[in-house]
Amino acid sequence: MKLLEGKTAIITGATRGIGKGIAKVFAEHGANIAFTYASSESKAKELENELSSIVKIKGYKSDASDFNATQKLIDDVLAEFGNIDTVVNNAGITRDNLILRMSKEEWDEVLRVNLDSVFNLTKAVTKPMMKQKKGSIINMSSVVGIKGNAGQSNYAASKAGIIGFSKSIALELGSRNIRCNVVAPGFIETEMTEVLDEKIIQEWRNNIPLKRGGTPEDIANACLYLASDLSNYVTGHVLNVNGGLLTY
Ligand code: NAP
């Protein structure tokens, strides 16, 4: 059964990793897809080519941290696709450092790309979704936003901020049938983690109750549920997808 037939989804940061996984799973379930990226033009074309035989798909080079660019993105997507049913605020970066060494730039950049971006896109889709009288907003946090992590105070603050923001939006827009939920991945094995030392990765795996790192598809399946009508009565929720790393 296809769960997203007739729906249009915007996914930020879909040229690799988790965002790409979400685009693939959403496409398999019939969603038309508008996706964004920061600079990877050739990867964006590859993704368009890979999925364009099954759904309508278009990539947009659009900086998620730029308020005006995001307004324009929504205008362009509405002109091209007609409606927007689901938004996945997935784009994110890390600039890790201990607080003693962290620069103001490292703090600002992470907060801008990870948290301002969620405000920018949520704000831009609110009116169109209110007009449609429905919508599902899915924001990508992290286990680090719940638990904290030494060396990632900027990233943890941005990901914790996403949770407070999303719960507030769920309360504000619930009466308009617009849902807002959070997915909090644990350790997900992507192209990014492939370059790390295998011994370190194995140690991480050993500390996870399910004894493996997550895959982009694991996260995509959680997003699929939240984007689909199966979750019509779920809003303001934080869905941990972490193999059991957090059990509270
Ligand atoms: P990734 O492999 O680094 O991919 C990031 C994506 O975001 C790329 O498509 C990148 O585009 C795009 N991007 C970066 N900055 C952007 C900007 N300013 N505007 C628009 N797009 C931008 O990341 P990932 O590991 O898949 O992670 C995806 C999300 O999950 C992030 O929010 C991350 O914090 C969260 N997360 C990841 C893990 C994990 O273990 N991987 C765990 C918990 C949470 P370009 O290719 O053009 O640069």
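Cβ from N, Cα, C; glycine included.
It should be emphasised that the depicted structure is a prediction, and the values quoted were computed from it without experimental measurement.
If you check TrEMBL, you get these features:
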type	residues	note
ACT_SITE	Tyr155	active site, proton acceptor
BINDING	Gly13, Ala14, Thr15, Arg16, Asn90, Tyr155, Ala156, Ala157, Ser158, Lys159, Ile188	NADP(+) binding site
DOMAIN	7-191	domain 'Ketoreductase'
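Structure with TrEMBL features highlighted.
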residue : record                       : DSSP (3 states)
Gly13   : NADP(+) binding site         : coil
Asn90   : NADP(+) binding site         : coil
Tyr155  : active site, proton acceptor : helix
Ile188  : NADP(+) binding site         : strand
So what's the mean pLDDT when you look at the domain 'Ketoreductase' (7-191)?
98
Counting only other Cβ atoms and using a 10 Å cut-off, which of the binding-site residues Thr15, Asn90, Ser158 scores lowest?
Thr15
Under 8 Å by Cβ from Gly13 (NADP(+) binding site), counting only residues of that chain that are 6 or more apart:
Gly19, Phe35, Thr36, Tyr37, Ala38, Ala64, Asn90, Ala91, Gly92
For Ala156 (NADP(+) binding site), what is the tally of other C-beta atoms lying within 10 angstroms of its C-beta?
21
How many other Cβ atoms sit within 10 Å of the Cβ of Ile188 (NADP(+) binding site)?
22
Tell me which recorded positions (Gly13, Tyr155, Ser158) have a Cβ under 6 A from ligand 1; sequence order is fine.
Gly13
Taking the residues Gly13, Ala14, Thr15, Arg16, Asn90, Tyr155, Ala156, Ala157, Ser158, Lys159, Ile188, which the record names as binding NADP(+), find the longest CA to CA distance and state it in Å to the nearest whole number.
25
Would you count the other C-beta atoms found within 10 angstroms of the C-beta of the residue listed as 'active site, proton acceptor' for me?
24
Between Tyr155 (active site, proton acceptor) and Thr15 (NADP(+) binding site), the C-alpha gap once rounded to whole angstrom:
21
